[in-house]
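A.B. asks: Sharing a structure with you now.
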């Protein structure tokens, strides 16, 4: 317990809050139902018959007073992509109506009773709510470590376990979303995911050979620190004389494989974001603050990636002295804190404009009906109703495609800050005292000294030994590069989607 300290109390309290209050107070449900989203309701059979002048059966009543024919699950696809009819397909009446019917879709606000029935709602609620509670644990832990830094060095940071779990859940949900495309009978989406995975793999291999003076990945420093620490650990504890446990080429190859998987998983979320961005700008008049905010949120990930390009960011902000100034704009500590704060700002900005994007997605149902009016011929009533109902049915899927990359980037940056030895308060450090808040590269506490100071048994010894191998430089390189690559993949996928909307989509 001494190794965990008060952090185990924070974890247990937050877990209790999540289990007791979570079912009644859900941030995920609030984001969908309290942002003014409007959905379009599919027309009932009676409405279609009245417009098409088809005689009604005596057992049927015309009008909109009843809810028959507009059940929430009537036309929703099953897990295999086919339509699921809960009351049996034989009870659904089919008939043909003209495509150019003068049909006006009814609208209704998105309510909690509606969203709980949507596909992937459970995964969406779990990811958002668990991420919110993890942020609470992280914030309380950061406050505790700020006032008791010595204890923090001797204890396991349990907030990192929460952050790792959230990042893992986001990654797993992205895999589940992409699995939908592999289950489709058409192979176009499946082929696109595979091709983009190999494209990002090739691009990652090219990125990994860029020199550290140009792209601040930190992987070379991380590898050197891990190799040296592991060699010393093996020599002191196992008596093995080794120059290092792994080859740099092998490690970078596995990192490139991970980068390819991230690129593949971000492909359709990026394309979906580009489609919503295109629709928002297409149907938004003028160039007011809202349009500027939409443009800013779209290019914000690109601005984040430039913060890791040394000639464009660090060299200008920490080395160059501009005219009329006594020193550079930022110290090294201030630049690191600025980079972390900008990631949080971009995430908050994307979260603020999310209702606008989701409403543009829900409006697809209206535009589908408007396009249908321009066509000649007839269409089956069920097919027309499906075109409208499917849009709302996949609302949580689209929301997850929007939120999951954002959650993955946010919690990767939080782990990068804490495990890499960063600081949130570097922006307010004294310019005349540019003492780095990062741990010293050469600081190493002997194991005998550690055991005599802590005296907590074998677990404390193993924990301190592990910290000597996985130094802050290792985490700074791996997590910093992971955060940068996620931001880059996030933007590139959406940029490819914008190019497609511009030149190929009719």
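From the backbone N, Cα and C atoms, a Cβ is placed for every residue, glycine too.
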A.B. asks: Which range, 52-71, 72-91, 92-111, 192-211, does TrEMBL list as transmembrane segment?
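C.D. replies: Range annotated as transmembrane segment by TrEMBL: 192-211.
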A.B. asks: So which range, 317-337, 338-358, 359-379, gets flagged transmembrane segment in TrEMBL?
C.D. replies: 338-358
A.B. asks: Looking at 249-271, 433-455, which one is transmembrane segment according to TrEMBL?
C.D. replies: 249-271
A.B. asks: Residues sitting near the transmembrane segment (6-32): Cβ under 8 Å, six or more positions beyond its termini, same chain?
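C.D. replies: Distal contacts: 110, 112, 115-116, 124-125, 127-130, 132-133, 136-137, 140-141, 144, 151, 155-159, 162, 354, 358, 395-396, 399.
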